[in-house]
Amino acid sequence: MDADPITQFLLWQKDADAYDRTAAVLATCTNNIPYARTVLVKDVSADGFTFYTNANSTKGKNLFDNPKAAIVFYWNERQVIGRGDIFLVDEKEADTNFAYRPRKSRAVTTISKQSQELVSETLFLSEVEKLENSSDPIRRPKHWVGFRLKPHTMEFFLAGEHRLNKRYLYLLQSDGKWKISRLYP
Ligand SMILES: Cc1cc2nc3c(=O)[nH]c(=O)nc-3n(C[C@H](O)[C@H](O)[C@H](O)COP(=O)(O)O)c2cc1C
């Protein structure tokens, strides 16, 4: 295992046998109530794991309320868990990410009130179509934001036969170095 968990993560992610190796389950917690859902992690670096979402969605509200989260990647016999603090991605970076999306996705993102009750799908789709087919530029709406989870803990799990799994725990020390230990399976 590499001394740096992000380097190790990127090695495993590159090799991952998965339909979408960027997909991960993001867990949040508000008022002692846990929530979890899948997101696509668009960037991984020493700064952490970056994903995009609607600031007014349940997860968005959770993350503003309690900016701590856990993220779980599952790739067949491997699992990586990161836990840490949440930071908002700066506006320029979020703009760049949004600009790469297809026009229809940008229209849906702009119109969608993610996680609120959808009373009329017909009305929603007609609003999307109207915006998509307009000549207006579709820039990132203020409600579409990036969050970055900067891990202080990472755990790598490698399944073995007869439950002889290997688990490696990385803990960030106060001097900025990572301490690696093994855990019982
Ligand atoms: C494979 C997959 C990838 C997803 N990626 C995202 C994503 O990157 N951002 C997002 O807001 N929702 C994404 N979703 C939808 C979320 O899982 C979730 O349904 C939605 O964001 C609302 O969650 P919330 O109500 O907890 O905020 C994805 C769903 C799946 C199945």
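Cβ atoms are placed via backbone N, Cα and C, with glycine included.
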Residue in Gln8, Gln79 which TrEMBL records at the FMN site where Arg37, Thr38, Val39, Leu40, Val41, Lys42, Tyr52, Thr53, Lys59, Gln114, Ser115, Arg167 also bind: Gln79
Listed binding-site residues (Val39, Val41), ranked by Cβ neighbours within 10 Å, top entry: Val41
Mapped DSSP class for Lys59 (FMN binding site), helix or strand or coil: helix
Whole-number Å value of the largest CA-CA distance among Arg37, Thr38, Val39, Leu40, Val41, Lys42, Tyr52, Thr53, Lys59, Gln79, Gln114, Ser115, Arg167, listed as FMN-binding: 36
Gln114 (FMN binding site) - helix vs strand vs coil (DSSP): coil
Per-state residue totals over the domain 'Pyridoxamine 5'-phosphate oxidase N-terminal' (21-132) - DSSP helix, strand, coil: 38 helix, 47 strand, 27 coil
